[in-house]
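Student: For reference, the structure I am asking about is given below.
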Amino acid sequence: MIASDHLMIAPIVIPFFAGALTLLYDERQRRAKLGIGLASCVALLIVGVELLNRTKGNGAGGGEISFYLLGDWTAPFGIVLTLDRLAATMLLLAALVALPALIYAAAGWHKQGQHFHALFQFLLMGLNGAFLTGDLFNLFVFFEVLLAASYGLVLHGSGPARVRGGLHYIAVNLAASLLFLLGVSLIYGVTGTLNMAHLAKLVPVLPEVDRPLFRLGAGLLGLAFLVKAGVWPLGFWLPSAYMAAAAPVAAVFAMLTKVGVYVILRLSMLTLAQGTAGEMATGIATGGIAPAGTTAQILVAAGMATVVFGVLGVLASQGLGRMTAHLVLVSSGTLVTMTGLALLGGGAAMLGGALYYLVASTIAIAALFLLIEPMSREEGSIAALLALTADAYGIEQPEDDATPEMGLAIPGTLTVLGLVFGACVMVLAGLPPLPGFIGKVAMLRALIGSGAVPAALGWGVVALLLLAGFATLIGLARIGIQTFWASEGAVPKVLALEIAPVIALVLGLGVMTVKGQDTLRFMEDTAQSLLTPSIYADGVLSAPSVEQETPKE
Amino acid sequence: MEIVLSLAIGVLSASGIWLLLRPRTFQVITGLCLLSYAVNLFIFSMGRLTVGAPPIMPKGGWVDPTTYADPLPQALVLTAIVISFATTALFLVVMMASRGMTGTDHVDGREADQ
């Protein structure tokens, strides 16, 4: 194993050490903590780009998958990290969202409580670990790492609203974790393995008597992930928790629901998309609905219900915070629907569009979460708010905290705010030319054109997504009009440190538009390799250990 | 032995779920504790029930694996115990904070009739 192979574990190791290092500094040395955090995020971004380049490989359909055998035991006996295109995309997306959120936090939020930077890094470690792991129980461990950090972060800044929202968030997620454990242990009891690739091999040859138990385990596991993804009717905890969370925390939380979506996508593709898409479609058409069909129908129904619930929430919301939290639901609902449709045989083009939409909507939602505060700020109110939360937390304010508005204020505030807000609206509502539109067009065109999905269902999804986009436009435009056109008060004072991360995120969306074809093609290749799980499964099981590579036998 | 264990898991999870659905935070946390006990026992039982079988095999030579207990669920249950213990402790802190800030131990932070 050459040194550069070890780069694969860097997304877990970097935030782990950075987080541990920030714990050594006193709470007053925030500058040092911030420096460590920023360095870690920048390193993650660079590693993410490098790993993504590595998975591009020869570009012939499958793409390259790399493995990292922890402890040098070959799969399925040891624990394995797996990096394929989907994992690399998610790693890069996590780094892309984390860096602006941390810069935004530097404008003031990181002073509002203890251990912000350590928790932030541990959250990133859990996120990256969950994306990389190829083992169900390790997935549980990384989930718990990220959840434990998120419990701390959701309470960051304290205050009754956060504690109340946090209480529900923690209770629901603890219960979901127990379901996760039940599912994992049932699957182990039936199949005798926890390795995802090994599972993909074993499921098709499972004896008939064991199938009901396995389905029960998979169902419990799915339930746990649907809770994390905030899917209706399991996602009522989400809006209040996300709304109450501090702005930079909420921006990173936009990524957390995507972990649930990612795992559902990964596991359902590995264990269910066994036959070719065509076979499965004929299986459904002839009335003999396979378990894959049932799972797909449940996912489609739950996803569409989530979109409806999210859209109603968007229309009913009065504030931008609640609205954005409901937009998170719309986004994850759309993705869950698309996962279900892909299982029904929607094809790589549709799934590729969905992945493109995943990236675009996550970035836009994160930007919107960061915009809430500057947009709803009246002169001086933020200082009062910060002082209040600091007071509630009972921390002493050192001198540099006395003026939270210190820093460079930007000129033409309303213009800049309006432009970036408009860009976010266009992405989330799916208006051309920004990525939201490209993603939706790719999804919907493939959906109608493929013919694998029943026409009524296909058109139903099309209508729902278009209506959801329209409702999003109405809701966000209303907020925009209130803030930018109908406001009478003084122009809010916005720090450059607060607006720069948002502009960076919007620029990222711009790059996705300009490089639209390349990105979309990459996503379609990703989807193609997801739909042929044998690449992943065979690759993991044949990954050689270092001992085997050195000629000894 | 199977009957005793499954009864224990059943009773623990039934009481856990009932308590989890109650409106007071103390009931919720007790429910979560009971549920996690039930889950831990369940994980343990997934390695099949054996009496007096060691989980670790001696080094070298051929051994009959059927005379040994499955070590993996034992390792898993250890991890699960540690994690659920830690998260429950954290939940307890949030619960106390909620009680202090809102003045009530209702899970919604206010009494139902308010």
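Cβ from N, Cα, C; glycine included.
A TrEMBL annotation is a machine prediction, not a hand-curated record.
What TrEMBL lists as domain 'NADH:quinone oxidoreductase/Mrp antiporter transmembrane' is A:134-452. For A:6-25, A:34-53, A:65-83, A:90-109, A:139-157, A:169-191, A:241-265, A:296-315, A:354-372, A:407-431, A:452-474, A:494-514 (among others), the entry in TrEMBL reads transmembrane segment.
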Student: Could you give the residue numbers and ranges of same-chain residues that sit at least 6 residues beyond the transmembrane segment (A:452-474) on either side and whose C-beta is under 8 angstroms from one of its C-beta atoms?
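Tutor: Apart from its flanks, the transmembrane segment (A:452-474) reaches 277-278, 281, 300, 304, 307-308, 310-311, 314-315, 327, 330, 334, 337, 341, 344-347, 425, 428-431, 436, 440, 443-444.
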Student: Would you kindly list the residues that approach the transmembrane segment (A:354-372) from elsewhere in its chain, counting only those six or more residues past its ends and only Cβ-Cβ distances under 8 Å?
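Tutor: Same-chain contacts beyond the ends: 86, 89, 93, 96-97, 100-101, 104, 242, 247-248, 250-255, 258, 261, 320-321, 324, 327-328, 331, 334-335, 338-339, 342, 417, 420-421, 423-424, 427-428, 434-436, 438-440, 442-443, 498, 501-502, 505-506, 508-509, 512, 519-520, 523, 526-527.
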Student: Short question: which residues 6 or more past the ends of the transmembrane segment (A:296-315) have a Cβ under 8 Å from it?
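Tutor: Distant Cβ neighbours of the transmembrane segment (A:296-315) are 226, 230-233, 235, 239, 264, 268, 272, 289, 322-323, 325-341, 343-344, 457, 460-461, 464-465, 467-468, 471-472, 474-476.
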Student: Same-chain Cβ contacts of the transmembrane segment (A:34-53) under 8 Å, 6 or more residues past its ends?
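Tutor: Tertiary neighbours of the transmembrane segment (A:34-53) are 7-8, 10-11, 14-15, 18-19, 21-22, 83, 85, 88-89, 91-92, 94-96, 98-99, 102-103, 106, 110, 117, 120-121, 124, 128.
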Student: Report the listed stretch (A:90-109, A:139-157, A:407-431) having the maximum count of Cβ pairs within less than 8 Å of the transmembrane segment (A:241-265).
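Tutor: That would be A:90-109.
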Student: Checking distant contacts: for the transmembrane segment (A:90-109), what same-chain residues at least six beyond its ends satisfy Cβ-Cβ under 8 A?
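Tutor: Same-chain residues near the transmembrane segment (A:90-109) but 6 or more away: 11, 34, 37-38, 41-42, 44-45, 47-49, 51-52, 116, 120, 124, 127-128, 131-132, 156-157, 246-249, 251-252, 254-255, 258, 262, 358-359, 362-363, 366-367, 370, 382, 386, 404, 407, 495, 497-498, 500-502, 504-505, 508.
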Student: Counting only residues 6+ away from its ends, which parts of the chain sit with a Cβ under 8 Å from the transmembrane segment (A:139-157)?
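Tutor: Tertiary neighbours of the transmembrane segment (A:139-157) are 109, 112-113, 115-116, 119-120, 122-123, 125-127, 129-130, 133, 163, 165-166, 169-170, 173, 177, 180-181, 184, 228, 241, 244-246, 249, 252-253, 256, 259, 263, 389, 393.
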